[in-house]
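S.K.: Sharing a structure here in structure tokens format.
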Amino acid sequence: MKILLLTLVVVTIVCLDLAYTRTCFRTPYKPETCPPGQNLCYKKSWCDAFCSSRGKVIELGCTAKCPTVKDGKDITCCATDNCNTVANWKSR
């Protein structure tokens, strides 16, 4: 009986650990596992005072709901692992 109980506990723990979680690129540019409930990746970009010399500021991360678009900001959301890439950056 003890062996059966122990087996059930081990199986439960293994099943809970196998729950799928999204992986997104985060700022700084590296892939990370998203917190529970955050199943979307996003890429937000905008111009600041240095936009003409450095280019747009880019923010990457995980979210539960795609952020609302505000004036001057571009927001893209996606729902596959590491889908919020930046064209000129390389993963390290």
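Placement of Cβ uses the backbone N, Cα and C atoms for every residue, glycine included.
What you see is a predicted model, and the numbers here were worked out from it, not measured in a lab.
Among the features that Swiss-Prot reports, signal peptide is placed at 1-21. Per Swiss-Prot, disulfide bond is recorded for CYS24-CYS41, CYS34-CYS62, CYS47-CYS51, CYS66-CYS77, CYS78-CYS83, and the stated evidence type is similarity to another entry.
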S.K.: CYS66 (disulfide bond): which of the disulfide-bonded residues CYS41, CYS51, CYS78, CYS83 have a C-alpha within 10 angstroms of it?
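M.R.: So the list is CYS41, CYS78.
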S.K.: If you compare CA-to-CA distances from CYS34 (disulfide bond) to each of the disulfide-bonded residues CYS41, CYS47, CYS77, CYS83, which comes out shortest?
M.R.: CYS41
S.K.: Minimum Cβ neighbour count within 10 Å among the disulfide-bonded residues CYS34, CYS41, CYS47, CYS62: which residue?
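M.R.: Taking CYS34, CYS41, CYS47, CYS62 as the disulfide-bonded residues, the minimal 10 Å Cβ count falls on CYS47.
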S.K.: List the Cα distance (Å, whole number) between CYS78 (disulfide bond) and CYS62 (disulfide bond).
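M.R.: Here the two Cα atoms lie 10 Å apart.
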S.K.: Which one is it: of the disulfide-bonded residues CYS24, CYS41, CYS51, CYS62, whose Cα lies the shortest distance from the Cα of CYS77 (disulfide bond)?
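M.R.: Out of the listed candidates, the nearest Cα belongs to CYS41.
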S.K.: If I take the alpha carbons of CYS83 (disulfide bond) and CYS24 (disulfide bond), what is the distance between them in whole Å?
M.R.: 7
S.K.: Return the count of C-beta atoms lying within 10 angstroms of the C-beta of CYS24 (disulfide bond), excluding that atom itself.
M.R.: 26
S.K.: Given a separation of at least six residues and a C-beta threshold under 8 Å, show me what packs close to CYS51 (disulfide bond) in the same chain.
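M.R.: For CYS51 (disulfide bond), the qualifying residues are VAL57.
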S.K.: Name the secondary structure element type, per DSSP in three states, that contains CYS51 (disulfide bond).
M.R.: helix
S.K.: How long is the line from the C-alpha of CYS24 (disulfide bond) to the C-alpha of CYS47 (disulfide bond), rounded to the nearest angstrom?
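M.R.: That separation, Cα to Cα, works out to 23 Å.
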